[in-house]
Amino acid sequence: MSTTNHSSTNSLPFLLMGIPGLEAFHMWISIPFCFTYIMTLLGNSMVLLAVRLDKNLHEPMYYFISMLAVIDLTFSTAVVPKMLGVFWLDSREIGFEACFIQMFFIHTFTAVESGGLLSMSFDRYIAIRNPLRYNTILTSSRIIQIGLLSLARGVGVMTPLMYLLTSLPYCKTRVIPHSYCEHMAVVELACADASVSHLYSLIVATLLVGADSVFITFSYGMILRSVMKLPSQEAHLKALRTCGSHVSVILLFYIGGLLSMYLQMFSFGLAPHVQVLVADFYVTVPPMLNPIIYSIKVKQIQEGIFKLLQQLAGHSISKA
C-alpha cells in the first residue's frame, strides 16, 4: 500500500459496535455502567476532598490513596462517557486520533496505577517496619517524586507502543467490536504484520505486572513477618486491618486485569459479548470499588468523609 493511501485510510474514523449481539439491550445495559461511573465520581471526589480538608489525613498513606483516586477518575473518564454515548445516543464514531488517545490513557494509567499500588505497599512496609522514621522517609516532596516517576514510567513505555500501532495501516473494516478502543480489538483491524507491536506489548505487560507483583509480594511478606513480631494481639489486628484494604485493592486490580487480558487474547469458547462485558466491567468497576474499600476498611478515611458530609450538610442548612 502506498504512503498516500496509508495516510488517507488512517485518517478515517473507527466505529464502536458497543456490545456485539446485544445492541437491542444497550439502553438497559447502560444503567449499571452509568451508576458505576456516578459512584466513581462521587466516591473518589469525596476521598480527595476528605484528604484535602482534614488535617488529620495529611499523612503519606492518605496522599497515596489520593493519588489512586486521581488515577481512577482519569481512567474512568477516558472510557465511560464515550461508552455511554454509544449506548444512549448510538454515537459510534470515534476519530482515528481520538481512538488511540483513549487507548493511550487506558494503558498509561493502568501502568501508573500498578506503580501506585507498589508505592502503597512500600508505604505500609515503612510504616510497620520503621514507624519512628516514617514521616522523615516519606516526605511530601518524595511522595510527589514517586507519583511523577510512576507517571513517567507509564508514559515512557506506552509512547513507543502508540507509535507502533498508529504506524500500521488499517484498511480492513473500520468497525471495532467493542465498547471502547480496546487494544487487541483495534490491532485485529490492521492489514499489516502487527507482530512487533504484539511482542512489545507482551514484554511490557509482563515486565511491568511481573516486576510490580514480585515487589508487592515481597513487601507484604516482610510486613507479615514484622506483624508477627509485634508484642500484642491487638497490634497484630490493627496492622493487618490497615494492610487489608491495600491487599483488597491490589487483588481487584491484578486479578481483574489478568482475567480481562486473557479473555481478549484467548476466547476459551466464550461468546463475544461475554468477553466485551468482562473488559467493560474491568475498566468501570474497580475505580468505583476502590474508594468504597478504603472508606469501609480505613477508619480515618471513613471519619474524614463523615466530617466532610457534616460540613456540606451544615453549609446547606445555613444557606437555606
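Numbering starts at 1 and runs along the chain as it is shown here.
Keep in mind that glycine also has a Cβ here, set from the backbone N, Cα and C atoms.
From the options 100-122, 169-191, the stretch TrEMBL describes as transmembrane segment is 100-122. Sequence-distant residue pairs (6 or more apart) of the transmembrane segment (100-122) and the transmembrane segment (25-49) include fewer than 3 whose Cβ atoms are under 8 Å, leaving the two stretches without contact.
Through the fold, the transmembrane segment (61-80) approaches residues 33, 36-37, 40-41, 44-45, 47-48, 51-52, 102, 105-106, 109-110, 112-113, 116-117, 119-120, 123-124, 127, 140, 143, 147, 180, 249, 283-284, 286-288, 290-291, 294, 298, 300-301 of its own chain, all at least 6 residues removed from its boundaries and within a Cβ separation under 8 Å. Here the transmembrane segment (243-263) has Cβ contacts under 8 Å with residues 68, 110, 113-114, 117, 120-121, 124, 128, 205, 209, 213, 216, 220, 223, 270, 274-275, 278-279, 281-282, 285-286, 289-290, 293-294, 296-298 of the same chain, all six or more residues outside its ends. Averaged over the domain 'G-protein coupled receptors family 1 profile' (43-294), the predicted model has a pLDDT of 85.
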